[in-house]
Amino acid sequence: MEGALTARDRVGIQDFVLLDETTEAAFLSNLNKRFSKDLIYTYIGTLLVSVNPYKELDVYNNKQMDLYMGVNFFELPPHIYALADNAYHTMLAEFNNHFILISGESGAGKTEASKKILQYYAVSCPSTALLNTVRDKMLMSNPVLEAFGNAKTLKNDNSSRFGKYMDIQFDSEGEAVGGHILNYLLEKSRVVHQNHGERNFHIFYQLVQGGEEDLLHQLGLERDCQHYNYLTQGECAIVASINDKDEWKTVKNALQVVNIDEINTNHLFGIVASVLHLGNVQFDSDSKGHALMNNNPELRWLLGVDAHTLQEGLTYRKIEAQKDQVLSPFTIDHAIYARDALAKAMYGQTFTWLVNRINESMENKVRRRTVIGLLDIYGFEVFYVNSFEQFCINYCNEKLQQLFIQLTLKSEQEEYEAEDIEWEPVQFFNNKIICDLVEEKHRGIISILDEECLRPGDATDLTFLERLEDKMGNHPHFVTHKLADKMTRKTLERGDFRLLHYAGEVTYCVVGFLDKNNDLLYRNIKDLMCQSKNAIVRECFSTMDPDNRRRPETVATQFKSSLLKLTEILMAKERFPYQDEALIRHQVKYLGLMEHLRVRRAGFAYRRKYEDFLKRYKPLCPATWPHWRGVPADGVEVLIQHLGYLPNEYKMGRTKIFIRHPRTLYATEDAYERCKHELATRLQAKYKGYKAKGEFRKQKEAATKIETCWRGVQARKEREKRAWAVKVIKQFIKGYMTRGQAKITDNSEYLAFVRQNYLNRLKDNLPKTVLDKTTWLSPPSVLTEKSTGNSHNKTCCMRPDRHVVFLYRSIFLAPSPQLQMKLITSSLFKGKKDSYPQSVAQPFVDSRININPRALQMIRNEHIKYGVPVVKYNRNGFKPRPRQLILTQAAAYVIDEAKIKQRVLYAFLKGISVSNLTDGMVVFHITCEDPKQKGDLVMQCDHLFEFLTKLGVIANKQNVIKVVQGSIKIEIQAGKESAVDFGTGQEPMVYKAKNGHLMVVS
């Protein structure tokens, strides 16, 4: 992390705690700077902030997972894998429970973040066949829960409409052995109503669009979403970015993985279909205004219950008076309410059943040791119209923010206390006042809402608002149209109230608050559902205890209770917060990031263990570089004194150094960066010197070895030379001593030396004229017996004419093959071909190629006479191909490396044509007896005269070699002709002309 500070001007700072200014402008500037470089993750201490890039980034592959496994949290750039790995290894080291809190606005990427964390644990944790099954179930629970709990909203095409807390259970070895899911506040109202631009839950569209024909027929459905009232209210049943058919296949596969058998799967889809049919049930009115059901064929598809009894339950309310039962008819509004209440109850109970079944499939089969909780909760929601659901969701965020700040303060205080550093009070907004406004017993909004729901008489949403105004008229975070000042009143409707949350103002419309909070299902309908033939419906409604006469808890009270339980669970665990960003500026506010930053920056912005701080910055002080031998704390003290830290800029804890201002760290890091370059330069110089010395040493050793070897060679040569000289001198002395004797071994070389010496002197002292017979040089005494030879020499010298004639005759009349070949070439081309004069001085050779051994093997039975490289031109298109031409006693072979391309017998060679210009083209005219046989052969050879002379002699074809002017006709194959045209130009070239002929320019 410290190393990244050097690039802070370009890519921002990895940890907001190290911002020099803690203003919102500085925060947003740093966030945008990193986002522009596709750096979507940034820390606030141990909190990870993410900005949704809305595009695929290559930062989630196995290579990245391997990179972050077991690495210190701040060692690598911020990443969700770093957070997951830190939570995992802290859990193993401290042997306690942890949780990762994921919060953010809809569309920020919370669901995707939870998937990435699960995928990381699936890859990084130890594995066995059993554990892989557990991991598959945890991973595949996501598609199931997304299908039944996610929907398209205005901000997100895959928005989670429920809160999810998953415990991932680990054993003592760190292996994932199980999981458990808690769900919160499913948005059941979406089943019966969707705003414009929004959809119902995904599973409805997946079933209609992707379900098999047999299944749809069995459920009484049509493959048209427009046919169902519950799917058309948002007017966007088909969305380009959502492939319902593919998602249907994924969900069906996932249901098998989480151990939901085929029977229960069919029951599950039967419930989904029944909800769609229920939405199409219509009511008419009689003369008294009572609801009637006429001609509703949908009733026969509803969950295997008696259609007449169901019709009665939807149009009459059963009232029990002592032992009597009275049926009270519904108005159309009440009937519609009863219909929608049944649809919501069926879907909500089924979702809870589904979560329980997934939990059963992931149930831990061994003793559980520790867990990491994964809390994927709704973010703060502010819509154009905010209703009961937004009220509950924002209350949840208030509680989590309160918990969040408490845990952050607690961890900061504990660290200061552990390091014996004095705690400095932090100024931040404490949202307890808002939490109390909502949840306080007897006085909070939830309590007043429950009282109004339970109050006898004509209680309405507006009477609830009046009760709020009476109870909370003076609260600083509550305002209504009646309580507001003149300016604020213009922004409020008469049925609205406004809460000043920690994240900002939200205006809620009270319409529907009482109905949504009651969420009542009439008892006679509950009893009917308990008789359903659908096992899941029967099981779900049987657990609701229909004999219990107590009024069930309201939705807000249930949610409040579950939220308190969740808070208790989280308080018992160590937290690792993760927050997603989408609409940056207001989310920074809504997520309370500035509050968290202020708490984290209270007192000291940076703290590190002495060992880590000293390890990084020790090069900055001569006393600590390269090694500090003492206690790390003492080394840090020496280092910071050398750097000139002021007393109020730092504190020394028990195991850590605390630095107050980021600018102090910036200065230290910049100095380290400069020092690093200087050290690198020095290290490079040292290394280069070491390498150069080593290289010089090796060269010197090599030179010494060469010199030693050379001296040895020279010494051996000198010794051999001297031994030879001694031998020669000895022989000369022996020869001199025996010179008067007959020729023997000892004096033969001496006599030869005397003879040679005499002849050499005689050569330089011959008589000037043949008439001079007196000045002949006298021979030595040892040669007097050779007077006959001496007389012969005199005779030869006296008759020079005969001697000279003999010499000339022996030279010029000797037979010469080279000269004979040149004479043949002259007879063929002299005065006929322009390039002949330049060839006269070039000697002929036996061969100009090295023949491939495999080709040599194929023609081993024929005696090879000559070989030369050529360029062969194909008959079709005249494309040039480099080849070798080999002449044997019987035929000419055209060879491509080790493959014989053509064999031309001399008997079928009826003519050879060349041009009169300076080119090297030659045409073999070949007799074609078979139409399939290849035609004339066109080649180019750089050694044309040598090649044709050799061919004429070997094949006895001198008489068929013709020198042609203009063009040469060629036969491509039997019956098909072309030509080779010749001309002159500035540059030599060979190409196929427009008339189809081969054009050769010399």
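Backbone N, Cα and C atoms are what each Cβ position is placed from, and that goes for glycine too.
Feature list (source: TrEMBL):
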{"type": "DOMAIN", "residues": "11-673", "note": "domain 'Myosin motor'"}
{"type": "BINDING", "residues": "Gly104, Glu105, Ser106, Gly107, Ala108, Gly109, Lys110, Thr111", "note": "ATP binding site"}
{"type": "DOMAIN", "residues": "818-1002", "note": "domain 'TH1'"}
Rounded mean pLDDT for the residues that make up the domain 'TH1' (818-1002): 89
For Gly104 (ATP binding site), the number of other Cβ atoms found within 10 Å of its own Cβ: 26
Which of Gly107, Gly109, the listed binding-site residues, has fewest other Cβ atoms within 10 Å: Gly107
Neighbour-count leader, CB within 10 A, binding-site residues: Lys110, Thr111: Lys110
Cβ packing number for Ala108 (ATP binding site), 10 Å threshold: 24
Count of other CB atoms lying within 10 Å of the CB belonging to Glu105 (ATP binding site): 26
